[in-house]
Amino acid sequence: MNVLEIGAGGREHALAYKLNQSNLVKQVFAIPGNEAMTPIAEVHTEISESDHQAILDFAKRQNVDWVVIGPEQPLIDGLADILRANGFKVFGPNKQAAQIEGSKLFAKKIMEKYNIPTADYKEVERKKDALTYIENCELPVVVKKDGLAAGKGVIIADTIEAARSAIEIMYGDEEEGTVVFETFLEGEEFSLMTFVNGDLAVPFDCIAQDHKRAFDHDEGPNTGGMGAYCPVPHISDDVLKLTNETIAQPIAKAMLNEGYQFFGVLYIGAILTKNGPKVIEFNARFGDPEAQVLLSRMESDLMQHIIDLDEGKRTEFKWKNESIVGVMLASKGYPDAYEKGHKVSGFDLNENYFVSGLKKQGDTFVTSGGRVILAIGKGDNVQDAQRDAYEKVSQIQSDHLFYRHDIANKALQLK
């Protein structure tokens, strides 16, 4: 079959790589893709992921059987709806169901109504009310901007001054807009991907752990993710089972009950507190960089899993008996202002590297984004995989990238 993958980042590179491995897939197309994907997919960088009509025309022209949507923006903009209305099979939720990521308030209200464990929250609609609220709220407080923010719309404020600064960042020059304040939760964070079709929820039996902060020791601002690893040895199967029972199954049923038909992968960003797992966030797609490490470890056929889900079957995932560690290299300055156009070399176009922000300039690759390339390490355990990942990092040549040196350290300290 012909499969069209939407998106241009490292997550989409990993999806294209995994789909290309499937015996069920004859050809992978990528829109817009990136030039590092050319060994595994027919890449069409001339088409934008926001040009829904051009994507539809392409899918018709190429007799596409399935469309797999990677990033959140096309989902929230309704690309899946347009494709389905024209008879195409799509892995990814419709516009209404994608609100679970598109609006933090939407997600909080559903969790509140159906008693799904999450932090207590307070919504405000005006800047002056936000500034009033923080004068007496418990610190630290989590400040979240409603809507999409590429993983960077969350600030944890330890002081009133930091909370005021967060509000200024969230509102800018505006006086109105929805901001959600949450009680700060302490515990171990983890990411659980769950395949969902209506009230059928099939969670991965392998979780990943992301590293959101820009710098070592979890310092600096939040980013889209500076690395990840799987499995997570210090989070037990019992915790995964409990997360499935108290979060994954209930949220699938709740969404359907509210009239939202979710079909795709639901990312559950959770935290293991002393009172059990609680939801930090939901995403309507694979995490990035969690997808890169999870799909690298997945032994079974991703396309078969998608078809099984479409047919309402409780698909069974199979995993390689190894650990995977992914280390992200980013442009210096990220997640704030950064330069583009700097040469990067030393990497191969294979399963050891997934590209997020590079483009071809002649025969060389140059930086084109904040997060640039993820190096993948594999090993019999986390320690060996971590060593392998940093060996892969050391092969990359560039004076304009930085990376964290402590990805997966937590697993080694807590094992």
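Please read every residue number as a count from 1 along the shown chain.
Using the three backbone atoms N, Cα and C, a Cβ is placed for every residue, glycine included.
Taken verbatim from Swiss-Prot:
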BINDING   134-191  ATP binding site
BINDING   E281, N283  Mg(2+) binding site
DOMAIN    108-311  domain 'ATP-grasp'
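D158 (ATP binding site) is surrounded by 11 other CB atoms, counting those within 10 A of its CB over all protein chains shown. Taking the binding-site residues E174, E182 in turn and counting surrounding C-beta atoms within 10 angstroms, the largest count is reached at E182. Classification of A166 (ATP binding site) by DSSP places it within a helix.
Note: N283 (Mg(2+) binding site) has non-local neighbours E72, E101, L266, Y267, G269, i.e. same-chain residues 6+ apart with C-beta under 8 A of its own C-beta. Within 10 Å of the C-beta of V142 (ATP binding site) there are 19 other C-beta atoms, taking all protein chains into account. Under the DSSP three-state reduction, D158 (ATP binding site) is assigned to coil, being neither helix nor strand.
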